[in-house]
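S.K.: Can you read through this structure? Questions will come right after.
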Amino acid sequence: MGKGGSFAYLRVELGDFMAFIAAGNILLEYVIGCAAVARSWTSYFAVLCNHQPEDFRIVVHSMPEDYRQLDPIAVVVVSISGILAILSTKGSSRFNYIASIFHVTVIIFIIVAGFSKADTKNYSDFMPFGVRGIFKSSAVLFFAYVGFDAVSTMAEETKNPARDIPIGLVGSMIIITALYCLLAVALCLMQPFRQIDKDAPFSVAFEAVGMSWAKYIVAAGALEGMTTALLVGAVGQARYLTHIARTHVMPPWLAQVHPKTGTPINATIVMLTATAIIGFFTDLGILANLLSVSTLFIFMLVALALLVRRYYVSGETTTADRNKLITCIVLILGSSIATATYWGLSDNNDWITYVITVPIWFLATLGLHVFVPEASSPKLWGVPLVPWLPSASITINIFLLGSIDGASFVRFGIWTVVLLLYYFFFGLHASYDTAKQSGENKTGEGWKKVEEGVVSSEAK
């Protein structure tokens with residue numbers, strides 16, 4: 001992915017506009033994710049201090065229900081993580097390395113102790129909300145997968161990014177998925193799902209099964225883990241914004257790196273200020289749903305970009321093959337959107353719509369596989385089972401979007417409108433002017449120079 005992760009990838013494959021929309025939503029992911037972690041930090045800190053998870057929040061009854069629990073501790077925690085991220089990236093990495101050892105130990109303790117108190121009766125009602133409930137939960141579960149893109153933003157710190165970044169991404173995802181599943185099973189076996197506390201679930205669960213002493217270990221481990229997550233988020237989101245600012249799509253002063261600390265101070269302050277504001281008053285449920293919409297949208301775009309990369313090369317792909325590719329992609333997207341829309345709006349188990357939309361998706365993917373020749377192939381690492389795997393990724397991500405509440409889409413739409421207004425009135429012109437002054441038309445290397453943060457004196 002390179003230094004800018006999916007932004008650089010989408011920029012090459014789908015152009016500046018889609019890359020900017022994706023980048024705006026990735027930044028939204030980082031902000032919301034860190035804000036949610038900061039609010040959870042307050043809950044576990046309250047448990048560690050022998051209080052209820054919500055005791056340290058200030059309730060303002062005159063405000064809307066989802067915004068009335070003000071969290072000043074979350075603001076303090078975000079601010080401290082920002083200061084640490086500004087002072088030293090390498091120092092933050094060392095802290096994370098040491099803290100991760102303790103965190104893994106606590107995770108293993110939770111799994112072992114949790115299973116020792118397991119009651120299989122808690123799984124007697126295995127699907128209380130049916131299939132629809134599973135998919136709704138799966139949509140929100142993407143909350144746990146935010147942050148993997150930060151691995152790609154650290155390519156500058158790796159010796160062999162072409163090899164190390166894919167290994168880091170796939171390896172960490174496999175390990176974390178396995179641990180997440182084990183933790184979820186242990187939690188549900190300890191306590192009936194209706195009694196699970198949304199703010200500090202494991203600490204409350206251990207207290208419920210008579211292991212009150214364990215809640216302090218869990219709370220301490222959770223606080224350490226969330227502190228690490230905030231620190232990683234602070235570093236990752238600042239680097240992401242820095243890369244975008246280097247293209248001048250965002251104000252270039254955000255790309256400035258401090259000569260002494262070697263960190264992007266301006267980008268870090270801007271991102272963490274937004275994180276602190278949102279974390280101060282926004283309920284965790286709103287954050288989780290909005291983040292899920294943004295994440296699923298990004299995943300879908302990356303899968304779409306992969307199809308374009310494999311089946312289209314400018315100047316080489318024939319017009320006929322290009323038209324076939326466009327037709328297949330339109331059918332894949334159209335059938336996926338129709339399936340998700342019907343799933344989200346219908347309350348019954350009628351399956352007739354799926355009999356139409358699913359075969360259209362299958363035939364479109366099959367047509368892409370049979371009738372459109374691949375225009376490029378990966379040199380080192382490559383996604384297998386193309387076009388089936390990316391096409392399935394597109395339809396699954398869109399389908400899960402159909403399980404998220406409508407209010408989250410309204411908030412997502414408002415954010416998208418803000419991005420569009422900024423892009424067309426400011427970002428588009430600044431990016432074009434910078435590329436032109438960098439000699440793009442003469443050498444063809446203008447965008448590359450801008451991506452690396454190297455522009456002519458006139459552009460500065």
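Using the three backbone atoms N, Cα and C, a Cβ is placed for every residue, glycine included.
The model shown is predicted, which means the values in this text are computed figures rather than measured ones.
Here's the feature list from TrEMBL:
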- 381-431: domain 'Cationic amino acid transporter C-terminal' (DOMAIN)
- 17-38: transmembrane segment (TRANSMEM)
- 70-88: transmembrane segment (TRANSMEM)
- 95-115: transmembrane segment (TRANSMEM)
- 135-155: transmembrane segment (TRANSMEM)
- 167-193: transmembrane segment (TRANSMEM)
- 213-236: transmembrane segment (TRANSMEM)
- 269-288: transmembrane segment (TRANSMEM)
- 294-313: transmembrane segment (TRANSMEM)
- 325-345: transmembrane segment (TRANSMEM)
- 351-373: transmembrane segment (TRANSMEM)
- 380-400: transmembrane segment (TRANSMEM)
- 412-432: transmembrane segment (TRANSMEM)
S.K.: Across the domain 'Cationic amino acid transporter C-terminal' (381-431), what does the mean pLDDT come to, as a whole number?
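M.R.: The answer is 87, the mean pLDDT of the model over that range.
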S.K.: If I count Cβ-Cβ pairs under 8 A between the transmembrane segment (269-288) and each of 70-88, 213-236, 294-313, 351-373, which range comes out on top?
M.R.: 70-88
S.K.: With DSSP, how much of the domain 'Cationic amino acid transporter C-terminal' (381-431) is helix, how much strand and how much coil, in residues?
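M.R.: Output for the domain 'Cationic amino acid transporter C-terminal' (381-431) reads 40 helix, 0 strand, 11 coil.
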S.K.: Do the transmembrane segment (294-313) and the transmembrane segment (380-400) share at least 3 Cβ pairs closer than 8 Å, excluding pairs fewer than 6 residues apart in sequence?
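M.R.: As far as Cβ distances go (cut-off 8 Å, pairs 6 or more apart), the transmembrane segment (294-313) and the transmembrane segment (380-400) touch.
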S.K.: Is the count of Cβ pairs under 8 Å between the transmembrane segment (380-400) and the transmembrane segment (17-38), pairs 6 or more apart in sequence, 3 or more?
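M.R.: They do not touch: fewer than three Cβ pairs between the two stretches lie under 8 Å.
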S.K.: Give residue numbers and ranges for long-range contacts of the transmembrane segment (17-38): same chain, 6 or more residues beyond its ends, CB-CB under 8 A.
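M.R.: Those are 4-8, 10-11, 71, 74-75, 77-78, 81, 143, 146-147, 149, 226, 229-230, 233-234, 236-237, 240-241, 244, 249, 271-272, 274-276, 278-279, 282, 284, 287-288, 290-291, 294-295, 297-298, 301-302, 415-416, 419-420, 423, 427, in sequence order.
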